[in-house]
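Now, the feature entries from TrEMBL:
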- 12-21: compositional bias 'Gly residues' (COMPBIAS)
- 578-628: domain 'Cationic amino acid transporter C-terminal' (DOMAIN)
- 1-21: region 'Disordered' (REGION)
- 62-83: transmembrane segment (TRANSMEM)
- 89-110: transmembrane segment (TRANSMEM)
- 122-143: transmembrane segment (TRANSMEM)
- 180-203: transmembrane segment (TRANSMEM)
- 215-236: transmembrane segment (TRANSMEM)
- 292-316: transmembrane segment (TRANSMEM)
- 336-358: transmembrane segment (TRANSMEM)
- 386-407: transmembrane segment (TRANSMEM)
- 413-435: transmembrane segment (TRANSMEM)
- 513-537: transmembrane segment (TRANSMEM)
- 543-563: transmembrane segment (TRANSMEM)
- 575-599: transmembrane segment (TRANSMEM)
Amino acid sequence: MGFVGDTQKIDGGSGSGDKGGCFMGGMKSLVRRKQVDSANSKSSPASGSAHQLAKALTIPHLISIGVGSTIGAGVYILVGTVAREHSGPALTISFLIAGIAAALSAFCYAELASRCPSAGSAYHYSYICVGEGVAWLIGWALVLEYTIGGSAVARGISPNLAMLFGSPDSLPYFLARHTIPGLNVTVDPCAAILVFLVTGLLCVGIKESTMVQGFVTAVNVCVMAFVIVVGGYLGYKAGWPGYELPVGYFPFGVDGMLAGASTVFFAYIGFDSVASTAEEVKNPQRDLPMGIGFALSICCSLYMLVSAVIVGLVPYYAMDPDTPISSAFASHGINWAAYIITIGACTSLCSTLMGSILPQPRILMAMARDGLLPSFFSDVNKRTQVPVKGTVATGLLSGTLAFFMNVEQLSGMVSVGTLLAFTMVAISVLILRYVPPDEVPLPSSFQEAIDSVSLRRSGCSSSSSDIDVESTKITAVTSGDSTPLLVEVSVGHPFVEKAAVKLSYLVRQRRKVAGWTIMFVCVGVCVVTSAASIASLSNPARYALSGIGGLLLLSGLIVLTCIDQDDARHNFGHTGGFTCPFVPLLPIACILINVYLLINLGGATWARVSIWLVIGACIYALYGRTHSSLKSAVYVPATHVDEIYQTSANSLA
């Protein structure tokens, strides 16, 4: 039997004549998924080869991007704040636990980045594994994250630069902050100028900008090495007074240490910038996982060593929450160290600024390639091979915000985009392993090849009925598996025929069971984390919700552990790269941690983010849904794609 009936054109609801048809078409648009990266999709005429980025990055470049985007100036403040309020001397363990939690997301990112090495990061993975609606919200949230993140970082540079000149008011007049009379608005020319300089550098080329970021990051790492070496020497001479406390190593208990880990977790959320450059990596299957892994390992090691030294130099309760490292050195008579530490803070902010602006044009480019945004953002400069138009637009927006607004009160919105992306990447790994897409969208330009293959298969099926029935094979195609399961049966054996049909049915049901189980796991995570986080709940309600959510979560974990993963995962995207270990336990733990942190960001943050997401939903409904490249796509079984591409290539030849 052919597969004409299995193909379907998705019209996004525009072709329906009634409200019900429009509604169903709109719902279909939310769940339509694009084709996973492959050699075929890259070489197809509709792949957008005119919009490809330069293949210029290697492992050292990726490490510099990851470390530079992750280690911001916050570490120079976090050490004092978290030690005083949460962890005490156990701050090092808090950084370790947070690093392990971040590594769970890094494992998921590493597999998806090596399998789907295209621009777009979590937006791209969500579009392939979950659907267009969720992918749009993830991409829209990431745009918010990088815009506000870049502006906030830029606003933090000028005070640190001023400290190098002696006082907060010592910057030159044209760089210093000024308050506009009557408007109560403080403008920051230095922040805007730095954003525009970084934007210009990013327009020159990915390799050139990454080399500059690597140099700036190296200066920051050297400053942290200075803190570790010199601080370690001072602590050794003084006998580590910060650790000789009557309250012990855990003055706030284990709960305080875990609360500190939740706070410092956000010091690790820059490594997703590495995944956003996947399309520009020379050997993504090898380099992307190693770049993400090395960057995260370096950051975690530096964080732990710096925190171990500083909390040993000064008792945690005596730390200055604003300048903990400088004051710790000053307490041991080394006042000049403040200048070196300020240089480290400035270089780390500049590197983080580059890491904040770099991914956003690539997110916008990926969304424009898919038709969800105007094609303006998908243009790639022929000489520099970077999305110059998107980069300039990003720089103008971030620079304007940095000039006019103090966005510190909006900084929590940055974490929402990151945690949503981390959560969706973990869910995408579960989908990839258990229910990878079994239908592939092809452009309507392949319709002739699709019809040809359909007729060929239909002809083979009809001719096979005239062949000797003793050698007839009944083919049960497992939905989503890479190869069909062939069960040779004789027409004269009805029991064997029924067994073959039941086997095919059970295999198809396995996908349904896995899909529903993944959904129940997500529901269980939301229930458990809500019960643990909502303070207004009474104890009986909290225990009841925790029991229900825990049951769903544990049952889902057991079911996914017991059933087989889909064989199609072996051929999903580019093979030969990194494989996430401990599935399904690791992705589920990642989802649990990130959702817990999301819920605890606070109502004010979610109110602001909700406004942004509603705006994004309106843009998608009015523009993205009707301009999507999948609007007229033809969906065919994944097992037939190679034959269709071959037929199309032969017809063109």
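All positions are counted from 1 along the displayed chain.
Even glycines carry a Cβ here, placed using N, Cα and C.
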Residue numbers, six or more beyond the limits of the transmembrane segment (413-435), whose CB comes under 8 Å of its CB atoms: 104-105, 108-109, 111-112, 115, 121-123, 125-126, 128-130, 134, 137-138, 141-146, 148-149, 152, 266, 269, 272, 480, 511, 514-515, 517-518, 521-522, 560, 563, 565-566, 569, 572, 580, 583-584, 587-588, 590-591, 594-595, 597-598, 601, 605-606, 608-609, 612
Stretch-averaged pLDDT - the domain 'Cationic amino acid transporter C-terminal' (578-628): 93
Beyond the flanks of the transmembrane segment (543-563) by at least 6 residues, Cβ under 8 Å: 430, 434, 510, 513-514, 517-518, 520-521, 523-532, 537, 584-585, 588, 592
Chain residues in Cβ proximity to the transmembrane segment (122-143) (below 8 Å; excluding those fewer than six residues from its ends, i.e. six or more beyond): 29-36, 112, 116, 272, 275, 359-360, 363-364, 366-367, 370, 372, 416-417, 420-422, 424-425, 427-428, 431-432, 436-437, 573, 609, 612-613, 616-617, 619-620, 624, 628, 630
Long-range neighbours of the transmembrane segment (180-203), counting only residues six or more past its ends (CB under 8 A): 150-151, 154-155, 157-158, 161, 171, 174, 209, 212, 350, 353-354, 357-358, 361, 381, 384, 386, 388, 391-392, 394-396, 398-400, 402-404, 406
Structural state census, the domain 'Cationic amino acid transporter C-terminal' (578-628) (DSSP three-state): 40 helix, 0 strand, 11 coil
Ranked first among 89-110, 336-358, 513-537 for CB pairs under 8 angstroms with the transmembrane segment (292-316): 89-110
